[in-house]
Each structure stands twice: as structure tokens, then as C-alpha cells.
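Below is one structure, written out as C-alpha cells; the observations come after it.
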């Protein structure tokens, strides 16, 4: 018996070192954080939290936004805490927004602090907003979801369709790695909606350039293999045609990487034509003609984008990263000098297999 | 010659050698070894994992050859080769090594808990609890220890399937081009890899507890092979998932991969992963402590149930001493280095000396 008593007392003594409990109802789960430029070294952060209101009968989710200004993102947390009845929990942050003005100045500090926080996930989205993130988060939209959920779903489903794969992990991959630069979706408030307006391109930590929403799928064709999305192409006589992508594959073919490098991108798209107002699609020659027109336009657009990147000396496609994997004794020091002037050609191959259920 | 043959009741079947080897080899190292091996040989570092793994196969064979020839354990090998007193000194050194191996596993795991889950928790508090759990298993005897390692391998292995979630976020071209580094880079990577494969040498002490010990050789080799596969898969996946620059910043690459895991019912999977990892760490601590007490019994004839208390106390004090990242990192580095010399120099040395002694005595394969 005495032995058990000793253990019992020991266990009682140990109760003091249990960690602080975190009960779900007692913490404020942040859904979206937005960072705005306040002044030279002040950042304003807004945390949008879904809060249940209306009691148990008609419980509805409401979006409450806390915002505060501070120098470091941890002291922002203190400032935010000063307004909230419950402690903040960052484990369910789904989207992190940066104001374009802030992103142009560089987001190194914020990224570093988010990186370190073990409770911030990697499968979350980063995005740049045109205008203040605070305004975006506090505005009311016609969409039924509250803002954090709306933002997350918006980006998620567009990543499946038109914009290239991106999340916090991909950002870190290019941010810390050599031979590629990060990019994020670019968002803007448009009336009663939030709209993805394109891709924000970064030079390491600074937002330097962007491409339009139309171009993002061209970017995606060059960036990764995927199976969805559609794009409108201009035909002769001001006619338009929409090509729906069924399967697209990209291959990078490098020549003479260590000397004077050249790159040809081979894009292979199998697609179906959905919208071909007034174009005949039943003769094989017609289809071939359309394929050729699309190919020409796609090649031009893609080359134009790459040229744009080269002029800004950024590499969102990871051309350098891919080149490294092709050849031994590769050095980024030499590569970075050659990259802006290297010739890049795009050669696509379009294959139209279906044209809907009518002829 | 004092050969203490364990009682028939406390023996385990030969195939348990597989679980004993695996559960001891996989531990805290796998949570963050990628960054260390990538330091020297970059994206080629997964090959150093395989090189180190193959070397381990040879060393396991050497251990078996040593043990089969002597018919006892490490303590009797030491006694046969160096005499009673010098042998006792070497055995005591091995005892210290086992204690430090337990401490490394214990303290590093506590650090992971502190950094990832509960920053406010006291190392000595959770350390006490873990040591207490370890005591429970060690005091149960070797069969309980074996049973623990069996279950822990079963529980721990499914975690490998989580790598699936990282696949769609990976760039497999990262692994190319192959052989982009010098031989010295591979050597340095292999050296850095050894901490992760350490643990099989505990075989030198529990060998007499295996029924028909010589027949367990193939199981031990399979165990070493299983570990090799797990480590190689982990390394391949990590190098495809991270860019090299990113890997330099990531202390626990494996845990950070778990962050991408997404289930509808759980947002932050790493909490589950780290908690499950207790089952992977526990055999490390338990087998090391058991080996330490066993050496004490064989050399100083102190009963295991008594010698376990000072060892537990040592481990607990260790939790107080090793306070921050730098200290814990240093502990890992030094134990890794000692382990490296132990398995790559000491074991082959013993092997050669034993061969010579056997030749001189002219009684090949006979018990000395």
C-alpha cells in the first residue's frame, strides 16, 4: 500500500507541469490574416475570425475582423489580443493576404515569422490584394459564405482550373530555393464579389510584376501538367473559340546549359472545343486549321510572358531550377547572368479530340 | 569464464530480432536527418543513405560473427579478448554509450514536443513521465522489451504512408542529375547518416536472449534492410519536396512534411504524427536502458532491478542539463560521432582481434 501512496503523491505533484489547455470554444480561430502597409516600419494586420452568433436555435457564422498596427508580427498578436475576448489560435488560418503596397516593399519579416510558427500549416494560400486587405475582409459580399471561407474556396477551385498550383509550401520552395521565384494569386474587390485578377510575381520577397487572369492559364500550361481549365483564342475574322483543356503536358528541352543556354518548351494539349460560334468543325482540315491557329497564338502568348519575366529578371516558372537538374557542375551564379538574355522558344502541339455533342 | 546463460523462460524467438533491430534503429534521427546529409552532398544525399545502409549490413554480419564465435555477449567478448579488468573498462564505456543513446532519444523527442506542441512544458516534467514509462517496460524483463518493440514497429510503420500527401507537391526532377558530387562529399554524407542507423549494435548485448541466436542472423539483416528502405524513401521524398535552400532552413524536415497532410477531420496532422512518434521513440529508450542495466549485471553483478534507478536518475538529470537547441544539437552531434567510431572502427577492430586470437589458439569456431 505504501508503494502506491508514493506514486499517487508523485502524480499529484506532477499536475503542475501539464501544458495550457486549448479548448475549441475558448479560442478565437483565425480564418484569414491580412497585412497592410501602415507607415515606413509599421504593419497593420487584420484577422478575420468566424464567430458563431444567434444561439443554438439559429446559429449563423459571422465574420469578425480585428485589426492592429505594430512593428513585428508577434507584437501585432499582442495588439490584436487586446481587442479580443478569447486568445487567438492560428492553427486554422486558410488564407494569408498581403496588400500590394506592402508586398512591393518586401514581406521577408512576415514570412519569417509565419514560417517559424509551428501551428501555421503549409497547405494554405498566400495572395496579394489590390488595395487594403482590411477593406476586403470587412466588406459584405453577396456570396453566402463568410469571407475567410469564401476566399479559401475561391482560390482553391481556381487552382484546379486556371491558376497554377500554389500554396505556402510552394512559396517557401521558391523563396528559399535557387532558380525560381515565388508567385501568388492577385485578388481585388469587384463590386459585390472578390475576383482573382491575375498572378502577382515576386522577386524573392518583393512583389515586382503581375500577369493578367487570361495569361495565368498560359502560365499554367508552361508551369505544370494538368487536366482542367479553358482558354479563349482569337480566330480569323474576329471570331473566338474556347478550348477546354482535357490534358496538358509540358517538357523543357535545354541546350548547352553551361555555355550559351537555349530553351524550347514543348506543350502538348489535348482538348475539346466548347464554344466555336460559326466555325465549322466537322471536316478534318478545318480542325487542323483551328489547331494551327491556336498553336500559333499560344506560342506567341507564352513567349511574350517568358520575355516579360526575363526583362524583370524573375523566374516564376523555375526555369533555372529545372536547368539545374539537367546538367552536372551547374552554378546559379553563372546562370543568373545568362538567364535574362537566353533565347526561349515555345512549341506547342494542340490536339482537338472532341467538339461537343452536336456537329 | 563466466557465461551467464539466461533462463529458458526469458528467451525470445529468432524472428523478433527483426523488430528489435528496426525499433532501435528508427528513432528521433528520421525526423530531421535530411538537412544534415544534404549539407555535404546536396540532392545526391539519398545515395549516402543507401551507402551507409549497406555498410550497416556488413557490420551486422561482423557482430554475428563475433557473437557466434564467442558464444556470449559483448561483455564476454571483451573478457575473452582483453582479460577481466581491461574488458570491464571497455564494457563500462559501452554502458555509458547506451545511457547517452537513451538520453539523446529522450531529450530530442522532448524538444520536438516543446517546439511543436507545448512550448511551456517543462523538460524535466515530461522527462520524468517518459522515464517512468520506460521503467515499467525495462522492469518487465527482456521479453516485455521485445514485445514493446514488436508493437511499436507495427504502430509506427503506417506513418510512412503519409508521404503520399507530399507527392503532388513534389518536383522529382530535384533528384537529378545523379552523381553531381565528389567522393569526399559522399563520405561526409555517409558519416552524417550514421546517427540514424545507430542502435543495431545493442544486438551485442541481447544476443544471448534469442533462442538459437545464430539463426536470427537473417532476421537481423532483414531488419537492417527494412530500416534502410524507410530511410531511403524518406530521403527521396524529402529531396523531391523541398528545394535545397528550403531544406537548409528546415530543422525537422519529416515533421514539416506532415504539415501538408490534409484530412477533412483534422487540420494540423503533425500533432497526431508527433504523438504517434512516442511509439517509435519508446523502444529506443527502453532497449538502451535495458542494455545498460544488463552490462551492469554482467560486469559488476548488480541486479538489473537495482541498477535501473541510478540510470533513470542520470537520464532525468540529463533533461535538466540539456536545455536549449544548441545543447541538444551538440548532444546529437557527439553521440553520433562516438557511435560512428564505435561501429566503424571498434567493431571491425574487435572482429580482427578475435580472428587473430582464434588463429593463434588454433581452435577455429570452438568456444574459447
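One is the number of the first residue shown, and numbering goes on along the chain from there.
Using the three backbone atoms N, Cα and C, a Cβ is placed for every residue, glycine included.
TrEMBL: automatically predicted annotations, no manual curation.
TrEMBL lists B:12-33 (among others) with the feature transmembrane segment. Same-chain neighbours of the transmembrane segment (B:12-33): 60, 104-105, 108-109, 112, 142-143, 146, 148-150, 152-153, 156, 192-193, 195-200, 202-203, 206, 209-213, 215-217, 219-220, 222-224, 226-227, 230-231, 234-235, 250-255, 277, 280-281, 283-284, 287-288, counting only residues six or more beyond its ends whose CB sits under 8 Å from a CB of the stretch.
Per TrEMBL, the feature transmembrane segment maps to B:45-67 (among others). For the transmembrane segment (B:45-67), same-chain residues at least 6 beyond its ends with a Cβ under 8 Å from one of its own Cβ atoms are 21, 34, 37-38, 73, 77, 175, 178, 186, 189-190, 192-194, 196-197, 200-201, 203-204, 207, 213-214, 217, 220-221, 224-225, 227-228, 231-232, 235-236, 239, 343-344, 347-348, 350-351, 354.
Packing against the transmembrane segment (B:87-109) from elsewhere in the chain are residues 27-28, 74-75, 78-81, 123, 127, 130-131, 134, 198-199, 202, 204-205, 277-278, 281, 284-285, 288-289, 291-292, 295-296, 298-299, 311, 314-315, 318-319, 322, 328, 331-332, 335, 338-339, 342: each is 6 or more residues past its ends and has a CB under 8 Å from a CB in it. Positions annotated as transmembrane segment by TrEMBL: B:87-109 (among others).
For the transmembrane segment (B:121-138), the residues of the chain that approach it from at least six positions outside its boundaries are 102, 106-107, 109-111, 113-114, 144-145, 148, 282, 285-286, 289-290, 293, 304, 308, 312, 315-316, 319-320, 322-323, judged by C-beta separation under 8 angstroms. Annotation source TrEMBL lists transmembrane segment at B:121-138 (among others).
What TrEMBL lists as transmembrane segment is B:144-165 (among others).
Annotation source TrEMBL lists transmembrane segment at B:186-210 (among others). With a threshold of 8 Å between CB atoms, the same-chain residues lying at least 6 positions outside the transmembrane segment (B:186-210) that come near it are 4-6, 10-14, 16-17, 20-21, 24-25, 27, 29-30, 33, 36-41, 44-45, 47-49, 51-53, 55-56, 59-60, 63, 66-67, 72-75, 77, 94, 98, 101, 142, 216, 220, 223-224, 227, 231, 284, 287-288, 290-291, 294-295, 332, 335-336, 339-340, 342-344, 347.
According to TrEMBL, the feature transmembrane segment maps to B:222-242 (among others).
Among the features that TrEMBL reports, transmembrane segment is placed at B:272-293 (among others).
Among the features that TrEMBL reports, transmembrane segment is placed at B:305-323 (among others). Sequence-distant contacts of the transmembrane segment (B:305-323), counting only residues of its own chain at least 6 positions beyond either end whose CB sits under 8 Å from a CB of the stretch, comprise 99, 102-103, 106-107, 110, 123-124, 127-128, 131, 134-135, 138-139, 285, 289, 292-293, 296-297, 331.
Summarising the annotation, TrEMBL assigns transmembrane segment to B:338-358 (among others).
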Tertiary contacts of the transmembrane segment (B:338-358), as residues 6+ beyond its ends and Cβ separation under 8 Å: 55-56, 59, 62-63, 65-66, 69-70, 77, 80-81, 97, 100-101, 191, 194-195, 198, 201, 364-365, 368
